[in-house]
Amino acid sequence: SLIELTKMVFQETGKNPVTYYTLYGCNCGVGRRGKPKDATDRCCFVHRCCYKKLTGCDPKKDRYSYSWENKAIVCGEKNPCLKELCECDKAVAICLRKNLGTYDKNYRFTMKFLCDKPEKC
C-alpha cells in the first residue's frame, strides 16, 4: 500500500516522500504519466511499469509485510502478488536513493501539461 511505499522511500532516502516526490517530474505521484524528465523521474516511471505487471492485488491499498534489516529492505510476503508488490516498492525506494544526486528542484510540482507523451513500459 501507499503506507509501506512511503516508509520504504523514507528509510532509503531520508526524505519525506510526500513533500519531496509526490508531484516530481512527470511520473512521481498517483496518476501521473509522461516522458521522464531525469533519472529520479525514471525511477517512478519504472515503478509504474512494475505495478502494471501485478495481477491479483491493489498496489495503492493492499498491505504487505517487510522488515528493515541492517539498512536493507527485506520483503517477507508468502502471497505471490504481495511479494511482487513489495519488490516493486523496494526497487523504487533503492532507485530514488541511488539517484538523489539527479534530483532537480525545478521538476518539483511539474504540471501535467509540461509532460510529453510517455514511452511504453
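Placement of Cβ uses the backbone N, Cα and C atoms for every residue, glycine included.
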In Swiss-Prot, Cys28 is paired in a disulfide bond with which of Cys26, Cys43, Cys44?
Cys44
From Cys95, Cys115, Cys121, partner that Swiss-Prot gives for the disulfide involving Cys43:
Cys95
For Cys121, what is the disulfide-bonded cysteine listed in Swiss-Prot, choosing from Cys26, Cys49?
Cys49
In Swiss-Prot, Cys75 sits in a disulfide bond; tell me which of Cys81, Cys86 is on the other end.
Cys86
Bond partner of Cys50 - disulfide, per Swiss-Prot - picked from Cys88, Cys115:
Cys88
Cysteine of Cys26, Cys81 paired with Cys57 via disulfide, per Swiss-Prot:
Cys81
Considering Cα atoms only, can you say which of Cys26, Cys49, Cys57, Cys121 is the nearest neighbour of Cys95 (disulfide bond) among these disulfide-bonded residues?
Cys49
Counting distance between Cα atoms, which of the disulfide-bonded residues Cys75, Cys81, Cys86, Cys121 is nearest Cys28 (disulfide bond)?
Cys121
In whole Å, how far does the CA atom of Cys115 (disulfide bond) lie from that of Cys57 (disulfide bond)?
29
If you count other Cβ atoms within 10 Å of each one's Cβ, which of the disulfide-bonded residues Cys28, Cys50, Cys57 has the most?
Cys28
